[in-house]
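Undergrad: One structure coming up, written as structure tokens, with questions to follow.
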Amino acid sequence: MLLKVAPAFSLVNSQVEPQSLPLFSSVPSAQSASSFLRLSSPSNGVGSAVVFASKGSENKPLTGVVFEPFEEVKKELNLVPTLPQVSLARQKFSEECEAAINQQINVESSISYGYHAMFAYFDRDNVALEGFAKFFNELSLRDRGQVEKLMRYQNKRGGRVQLLEISLPLSEFDHGVKGHALHAMEFALSMEKIANARLLHVHRIALRNHDAQLADFVESEFLSMQVEAIKKIAEHVSQLRRVGAGHVWLCCLACLGQTFFTDLL
């Protein structure tokens, strides 16, 4: 803020102050209705100063201190939108970043939809792999939560959420060579890698537009979790490839205490 001091206040040098006064002291003046605040060196008083406040001869009241905005603040005030349909919170949020977030919302929604289709497939009575159904349902809910997180962030930055068309997911995962369990898990791994690639794309757009806040949001809220998800599903794919297409081997490994297969069967 710009600080303007009224004429009734002044800062004057003083070389005639009594040496007996302390470092900070208030001294009444006998000549007029005035007061002094003395600041001096404890040793010899050299370089001392006095803050002087007085009432003028015409008995004008003290006007105090007036604060005025910076010139740049005045410019910013002119940029505050007045239309009701325009966001008041938006600041240095490019249209490219806004579009990238909407695209990522579409990617996460499509992946969540795909996992929900997997849940429905493995929950069938003629497939009856309850563990797989539970696993993919949890992934679907996780990605749904990521969609909502991106929507809240879009609104927080003053953007507008635009829901795009979601691609139709697969509804059948039976595979003559791999078996449906391995086929579905490999499909899940590919979706996680797509999500990670799209998040990195959003991060690059944020850096290109000098949007440090968006870059930090993607790094802290998504990238670490995405790498962990890829590692976990990749391990499941490796285990299923060693098992083969037959579910007899899955049951055998479950009996041997393999945690992953015990959860998925």
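Each position is counted from 1, following the chain as shown.
Glycine is treated like the rest: Cβ placed from N, Cα and C.
Caution: TrEMBL annotation is automatic and unverified by curators.
Annotated Fe cation 2 binding site per TrEMBL: E108, in sequence order. Among the features that TrEMBL reports, Fe cation 1 binding site is placed at E192, Q226. Sequence annotations record features per position, and here TrEMBL assigns domain 'Ferritin-like diiron' to 91-244.
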Undergrad: With an 8 Å cut-off on Cβ-Cβ distance and a minimum sequence separation of at least 6, pull the same-chain contacts of E108 (Fe cation 2 binding site), or say none.
TA: D143, Q146, V147, L150, A195
Undergrad: Write out the long-range same-chain contacts of Q226 (Fe cation 1 binding site), meaning residues 6 or more apart in sequence whose Cβ is under 8 Å from its Cβ.
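TA: For Q226 (Fe cation 1 binding site), the qualifying residues are E192, A195, N196, L199.
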Undergrad: Take every residue in the domain 'Ferritin-like diiron' (91-244), average their pLDDT values, and give the whole-number result.
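TA: Residues in the domain 'Ferritin-like diiron' (91-244) carry a mean pLDDT of 95 in this prediction.
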